[in-house]
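Straight from TrEMBL, the features:
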TRANSMEM  33-57  transmembrane segment
TRANSMEM  91-109  transmembrane segment
TRANSMEM  115-133  transmembrane segment
TRANSMEM  140-158  transmembrane segment
TRANSMEM  170-188  transmembrane segment
REGION    345-380  region 'Disordered'
COILED    397-424  coiled coil
REGION    425-498  region 'Disordered'
TRANSMEM  694-713  transmembrane segment
TRANSMEM  719-739  transmembrane segment
TRANSMEM  773-793  transmembrane segment
TRANSMEM  842-861  transmembrane segment
């Protein structure tokens, strides 16, 4: 196992090196990456250069501590945006201030080494608690802990507390901060605000592509290549969640000139995430429709009307045009053109650039493609940046590039066509007004008077699109690499009236196109329900009696029944009836076309709801982006602090959740007493939480490290002799929350420290006794610049390898600078170990520190990543189960079975807000599975293989369940359904709801318990598919009956009916996904008919 794992890692490293340094790969990187590499290299080189200058080095009371500044510069991210740099510096200075306080305390406790150890361990514990919060706190953690340890080291070397040495250490850190800030701000600064706008544009491009492909799927115009790209995008769309939030978090720390405030950016991110959720809903609905109707019969029926096809074409074009205007507002036309040129490449050129000199295709950036088939299968299960992203092979990447180029041309053609028609119409209107004696200076009419012109423009656009839709899609689609036939140049205008009307009419035309398409779809669905095209018997199954036990199991009766007490005719009748009761998927692999069409048409309501949410989200985002806000200097940090103060001073809600539920159920709420023992139990649980145990392990390992510094024998023979004072960073970084994280960190530490020190050794030997110096500083600086450039490139290209890049710099910079200062600077010149011996000491210190971390990571509170991943999965399931129960209670309150009194609005609002908060917490917990999953894959497989593909299916099932529950909550809304739906549907079908809620609670509980206990699920877990099938059947029966009433058709076309069907389909999908999850858990935990392998 170990040899296979090592061989695979070596193959991947080889491929990454070959691919990373290929000329095509280097050309593909954007200018922002190279600018970041240049700035980080400049900051590190400037620090090394200044430290080698005599006059600069002597500004510090102890010049040898200038080597500490390398850590500070790397931790301040001089090559990142100003927001990222300010964030790191702000948190780092906070840690440095606390570290200086602990430094002084440790210095005053020089006479009590035991007290020093306890104080230092307590401080490390607190700092590790903060570090557990995320990567952004790494500067706080490293600055504070490493600086405070100097208080112990200085008390050992001087015998007490020396303020001058404290000042020297602080000055070295201050120089690092000053150099990093100066380079970041003064050398071609890039703001996080600009990065956030670009990231929003990238997310909108993903939205536009997936929306376009979803519409083409519904219209049955999708080819195999586009279908594959659609599935990849649907899974990877959520990868922007964490990136957008992280970019916004960085932007809060900077000062920028911008049109948009912090609140507006937050609203934009929420709107983009709403668009992504709407597309996920639409894509899931398309998948459901395709699963029951693979021939596309339902889509053809819904789009068979010419008016429907026309409005659908207008709606599809409107999506692209509105998104194009939003992108124009965010970046401007020039920047948009640059981004589009960067994001869409010629596929043939891209394929050629991915080949090496032997002509073989190179690996994608995420990993090697030349693995064995087993490795490929494993790599396809990786999550990448976020939960739903998977590394795609080169062939799939080329397909995505090809499809993106095709869609880009389609968007450009549609935009040119619409712009030309609108501008021609406005010119005709303007000429007509002039002919009738209007003054050229007449002001433009207000917005309401534009309605006729917008309708006329829409009609002309429709006629153009109708001519296009009458032909095959391939006739209008430009193949990548070919020029579009018949494309006319864009019509430019300088007329402000033309520009204003053109700009304003895009959203209006888009909204009207969606309204027309939605009405056409509702008319088509109601017509199909009314005229009997939806094959459903006019019988309510809710009124039918339960089948007998014999009828339920008729298909499993013995084939040769010889008993004379039961006739064969009765047996045959039971079996035939039993077959009719079995689900269609069991009886026949290919259901009839009419049955498939009926099931697919019910799923079309989900598609309509998702596209409606997409329309509302695009209009809202367009309104946000196009607001006329002044461009001014914005202090985002001050605004963030003001908002936090307001949130703290904001009065709490009058009702908490238990009180709100009691009020809604008409019960008196009695607050339970808070016992002292309960608080003790709560503190104990927190003490044994992952965060606390991680911090405790780091504190204990640091205490053992301090023993090497304070114990007299170890102090003289080990700590001071080999210079182990710089190896504390290895201990506090190596201990990770999981064992898999530690294994990865060990590899980074060995390679980072070893490679950095080795390069330093070679450079020192090359420039030894050159140019009148013991070690020539010019050669050290020049070679250091090359090494810093490589380290910065490695880090900015792979941010997850922060530890490795940091140790690259520290290993080289500390080694060469100390050798130079101790040998060539008169103020610090003294006998110092030769470079080869010093290199040996560094490796020995690394081994001791890694040994300390290994002992505590493997023997104390061991946390394997696989164990942690299983617990996280169980926590997500229990949280989803609690959410499902609360949602069921909420639905039963807003849509009760009887005429209950209207609930209190504030209590309903409290429960609704709680549902939204829980959605966000569950989503964050699901996204947090990604790093644990990645660490679990690198852990050695001693006992049982890690079923990564099955685990990935479980994680995706949990995400689908959350999506469907969120959609159900959105469909219900805050006030439930309208009176007609409530009276004629919700009340009548209320027993179905109760039965399905009981089954879903059981399935949630069993799945969560199975994950928590590593136990198998029983084979005969009750299925909810028959219940939901009958539920939808009866809802269709009621819909047909209502359509025959005088105002029935109008009621079926109201939004409430759409929301009710969307609610049914969403909850039905939850139950279906829970049953899929059962199968995945069976693969994980084995056969329930045999003993549990985890317990025997």
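Cβ coordinates are placed from backbone N, Cα and C, and glycine is handled just like the others.
TrEMBL entries are annotated by machine, without manual review.
Here the transmembrane segment (140-158) does not lie next to the transmembrane segment (773-793) in space: the count of CB pairs under 8 Å, restricted to residues six or more apart, is fewer than 3. Between the transmembrane segment (773-793) and the transmembrane segment (33-57), three or more CB pairs separated by 6 or more residues in sequence fall under 8 Å, so the two stretches touch. If one looks beyond the transmembrane segment (719-739) by at least 6 residues along the same chain, the residues whose Cβ comes under 8 Å of a Cβ in the stretch are 71, 124, 128, 132, 141-142, 145-146, 149, 153, 156-157, 690, 694, 697-698, 701-702, 705, 708-709, 745-746, 749, 753, 803, 807, 810, 814, 833, 838, 841-842, 844-846, 848-850, 852-854, 856-858, 862-865, 868, 932, 935-936, 939. Averaged over the coiled coil (397-424), the predicted model reaches a pLDDT of 62.
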